[in-house]
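Q: Questions regarding the structure given below will be posed in turn.
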Amino acid sequence: MDSALSDPHNGSAEAGGAANGTARPPSTPEGIALAYGSLLLMALLPIFFGALRSVRCARGKNASDMPETITSRDAARFPIIASCTLLGLYLFFKIFSQEYINLLLSMYFFVLGILALSHTISPFMNKFFPANFPNRQYQLLFTQGSGENKEEIINYEFDAKDLVCLGLSSIVGVWYLLRKHWIANNLFGLAFSLNGVELLHLNNVSTGCILLGGLFIYDVFWVFGTNVMVTVAKSFEAPIKLVFPQDLLEKGLEADNFAMLGLGDIVIPGIFIALLLRFDISLKKNTHTYFYTSFAAYIFGLGLTIFIMHIFKHAQPALLYLVPACIGFPVLVALAKGEVTEMFSYESSAEILPHTPRLTHFPTVSGSPASLADSMQQKLAGPRRRRPQNPSAIYEESNPKDPAAVTEGSKEGTAASASKGLEKKEK
C-alpha cells in the first residue's frame, strides 16, 4: 500500500529523469502550487462522496453491494500484512525485471479499474438514460460442484445500463493500458479511493483507532526508516497513487515531472471519516458535527504534510500528520460535548445487520443475493416453535380433544395420565 507523499523536487526527479542523465529544470512556484492544490482537491473528493455513499450502502438491501466490515482483529493484522506485501514488492523489483512485473500488474489493475470506475459512475449515468431505455436484466453465475455440494463462486446481477458504464470505463482502461497517461491513472485512482471509502466499513471507533494507530507506525517506519516505500512507489506502474505534474503550465498535458499522493493516505482516513458520518446520523440530531470536524482535520493534516515536505525537500509519511489530526479533533469535540461514551460505544455493523443479513456461506439454492437475503430475513422473522417442557405437555399437544386425561395426568403423574387417556379412547 503506497502511503507517502513524494518530494516534488528530489523524488520526482529521481523517478523520471531524462534518459541522457540531465537534470530537470526546477519547477516554477505556480506549477508547484497548482500540483499541491490539485492533489489536495483530488484527495477530498473521494472522501466526501464516498462517505455519503457509505451511508446509503449501509442502509441498502442489495446484498451484492454489502459493505465489508473491518473488525478490531482485522485492524490489528492489517499493518503486518501491508508490511509483508510492501517488502515482497520491493524484493520482486530488485530480483526480477521491472518491465514484466509492471506488465502483469497493469493487466490486473486494468480489469479492477474498469469495474471500479463503472461502479463509481453508475449512479451519475443513470440520470442521463431516457425513461424508455430498454434496461434488460442479466446475471453472471459461476458455481462449483454439483447437486447438494454446489457452491456459488460468483453471482453478479447487472443490467443494460451497467453494460454502458462498463463500455465507457473500458475506453479509459484501454487508454491507461496503452499510454499510462496520468489523467487515466487518476481516474482509476479516484475510483479505487471512492469505492474503498464506500464499501470498507469500520465496525466502531475503537477499531478505527487501532487501524490508524498501526498504520501510523507502519508509515513512519517504511518512509523514514528505509527507502522501501519510496522505491516501490516510483517503480510501481499502477494506479495506486494520484499524480499531478508540476510542469503542467510549461508542457501541458504531456508534462512528466509529478508530485504524487498514495491512495492509502486517502482511503485509510476516509473510512474513519465515513464512520463518523454514520455516527452523526445515529445521534439523530440533524447535525454532522463529527463528520465536518474530521473532514476539516484531514484538510489540516494533509496541508501540514505538504508544508513540511516543501520545507525539508523530502518525501513525508502523510499518516504521520493525518492520524493525530483525524483522531484528535473529533475526540476533543466529543469531550467538549460530553459524548465520548456514545462515540466509543457506537457500533456501525448494528445498523447494517437488520437490513442486510450477512451470508457466512453460500446456500445450496438458486437465486440472486438479494432474494437469498430476503428469504433468510423472513426465516429469522418467522414464529419460533415452542419447546415442550414435560411429557404431559407433549401428550396435550397430541390429544387436544381430551382435557380430562390431561387433568388426571397432571394429578397422578405422567405415566398414569397417558395410560388412562388411552383406556378412555378405547372405550
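Counting starts with 1 at the first residue shown.
Heads up, the Cβ atoms here are built off N, Cα and C, so glycines get one too.
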Q: To which of the residue ranges 1-25, 126-150 does TrEMBL assign the term region 'Disordered'?
A: 1-25
Q: What else in the chain is close to the transmembrane segment (33-55), if you only count residues 6 or more beyond its ends and a Cβ gap under 8 Å?
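A: 5, 8, 27, 67, 123, 186, 190, 193-199, 201, 242, 244-246, 248-249, 258-261, 265-267, 269-271, 273-274, 277-278, 281, 291, 295, 298-299, 302-303, 306, 310.
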Q: Are the transmembrane segment (318-336) and the transmembrane segment (75-93) close, by which I mean at least 3 Cβ pairs under 8 Å that are 6+ residues apart in sequence?
A: no
Q: For the transmembrane segment (100-121), what are the same-chain contacts with Cβ under 8 Å, counting residues 6+ beyond its ends?
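A: Here the qualifying positions are 92-93, 162, 165-166, 168-170, 172-173, 176-177, 180, 187-188, 190-192, 194-195, 235-240.
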